[in-house]
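According to TrEMBL, the features are:
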- 17-36: transmembrane segment (TRANSMEM)
- 56-75: transmembrane segment (TRANSMEM)
- 96-125: transmembrane segment (TRANSMEM)
- 155-181: transmembrane segment (TRANSMEM)
- 188-210: transmembrane segment (TRANSMEM)
- 230-250: transmembrane segment (TRANSMEM)
Amino acid sequence: MKHLISIEFKKALNKRFIIFSLALIFLPLIVILPIINGSYVFHRAIDVHAQLLSTSPIPLLFPLLLVPLYAGSYANEKKDNYLQYVRPRTIISKYVLAKGIVNAFLTFLVAFLMIFVPFLFIQYIDPMIGYIYYETEFFNPVSIGTFEVVAQNSVLLYGIVYSLWVGINGAIYMTIAYLLTICLKNKFVALSIPFLWWFIMNFVTAVLWIERFSPVFTVFPFSITAQPMWTIFIPFIVLILIIVTLIVYIKKTRKVWNE
């Protein structure tokens, strides 16, 4: 299994992956930060970080942005009939599991850094540069939402915990996308479903007046009043149940073995 995972990492870490990952991590700082700097009143660095994320397209397109990383790897190999060459050389279930592990880990890492790198720059590097303009005459910070309670204890802890939360959610969504490419023949449909879920459930929760359970606001809670911490785990638990259901379905129908 270690050998298979190592091979998958080598296949995944190509030039396209690195360029796309760097774009996700640094483009918000390069493009969005100059736009919001001076356009909003900031009192704290974490206010800037929250505004940076909420102004960027990340909350709206979150699952869609992560799809190109590695979620479609199985579908691509199935389309190219590469699996026919894999079967005689290794146990196909272990091979698929290795791909799933690498997909989840790389997605988690990129999603984590997409949040944490801007946080580090805004919180610790910018004070030495003085690029961001802060209001100093009066102090009236705006709540950053559900994770404000973490920031009150430690700003660094907030940065780590929140980045981990986004990273885990990214890994969960792309695991669902990966499993759907095994279940469905149409790669485009399989990889689109997580984003459709993200978009449609955000609309449904708004219509039902339960926005606090929206996929968007439980991962990026900057445009909603602070909610109890337990609310963010409701959509998360639903996603875990979806993953379990997909795994059971794949095993029962022997999707991997019969293709």
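Placed from the backbone N, Cα and C atoms, the Cβ positions cover glycine too.
Two recorded stretches are said to be in contact when at least 3 C-beta pairs lie under 8 angstroms, sequence spacing 6 or more; the transmembrane segment (188-210) and the transmembrane segment (56-75) meet this definition. Where the transmembrane segment (17-36) meets the stretches 56-75, 96-125, 155-181, 230-250, the count of C-beta pairs under 8 angstroms peaks at 96-125. Same-chain residues lying 6+ beyond the ends of the transmembrane segment (56-75) with a Cβ under 8 Å from its Cβ atoms: 8, 11-12, 17, 20-21, 24, 28, 32, 96, 99, 102-103, 106-107, 110-111, 114, 169-170, 173-174, 177-178, 181-182, 187, 190-191, 194-195, 197-198, 216, 219-220, 222.
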